[in-house]
Structures are given as C-alpha cells and as structure tokens.
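Below: the structure, in structure tokens.
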Amino acid sequence: MDLLNPEQISEFREAFAFFDKDGDGCITVEELATVMGSLQGHRPSEDELGEMIRDADADGNGTIDFPEFLALMARKTAAGSASGGAGGADGDDPDEELREAFKVFDKDQNGYISATELRHVMINLGEKLTDEEVEQMIREADLDGDGQVNYDEFVRMMMLSDGAGAGGGHAGAGTTGHHQ
C-alpha cells in the first residue's frame, strides 16, 4: 500500500548515496539532517531528527542503512499523500520498519527474497557483488535451506548484520552452517 515506485526509489537511492559521505552504507544523524533538508526543503529540528532516527533505525545501531531509509521515506511519502494513512505505523514499531525494508527486497511480493531480487537491490545500492557473493549472502541467511530468504530469516539477518558493519553484509562468511 505504501510501496514506492522505481523512480522514487532511484531518487532516494541517489540522495542516500550522496549524503553517505564515507560510503559505508549507513548515514549518521548529521548526514540524515542534511538528506532530509535536501529532500524536504528544510532542515529538521534536533527533536525531529531524534524521532526520525528512533523511527527508522530498525536494528538499533544508531545509524540508518538504505533499507531503513527507504522504509522511512515510504512512510513519510504515504503520510504526506494520505495525511497519516499509514495505518497507525507511526514509526515506533521496529517490526513495521523491517516489514517495509523486506518489501523493498521482495520485488514480486511473494514473501521470499530470491538471489535475483537480492542481487538487484544490492546493485541498486551500489554494491557490485559477484554471483558467488550473492549466493553466499542467501546461504548465510537461509536457515531452512530452500534457497531464498523468508521474512523471519530476513529479520534475523538484519539483527545480526548490526554487528557486522552494514557496508559489508557479506563479510561474515564464517558463520554458515551453524543454525540455532
């Protein structure tokens, strides 16, 4: 319902990349202030910024990665066009943030992220991954071994990637095969 069209995603990706000054795949509070000022025409107050970070930072690491940023922008776009029509998802719900981020990856909305969908999103994020790296990312997240990532696996992957550094989600290669 509050999905972004490809043109919006492209615009937001460009804004995100432009303001991610160090290229680490995350934007800080200060970088977010600049992004929002650029996209909305005014710089948010400190209170608004704090609220945006709390709303958007699904994994709680204090920075915003691109899927979190897209979820924030999807909500802001929906709220702006339907005056709060986001169905009570006013940002205090990290589950809602993760659902929005999952939708960004799950292009065909079938409830699973395939290697093709993951590759497409990673390319859009500016990550040039080999087929093997994409397959490895899927294998690391794919707990049930069906070759794709469902929502529960995605949530687990997002929570684990918090400590791995968002710029290199494929860096934790040593964790395959130890399922809990």
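A Cβ is built for glycine as well, from the same backbone N, Cα and C atoms used for every other residue.
The following features are taken from TrEMBL:
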DOMAIN    7-42  domain 'EF-hand'
DOMAIN    44-79  domain 'EF-hand'
DOMAIN    93-128  domain 'EF-hand'
DOMAIN    129-164  domain 'EF-hand'
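Non-local neighbours of the domain 'EF-hand' (93-128) in the same chain are 2-4, 9-10, 13, 17, 25, 55-56, 58, 60, 66-68, 70-72, 74-75, 134-135, 137-138, 146-151, 154-155, 158; each lies 6+ residues outside the stretch with a CB under 8 Å from one of its CB atoms. Note on the domain 'EF-hand' (93-128): its mean pLDDT in the predicted model is 80.
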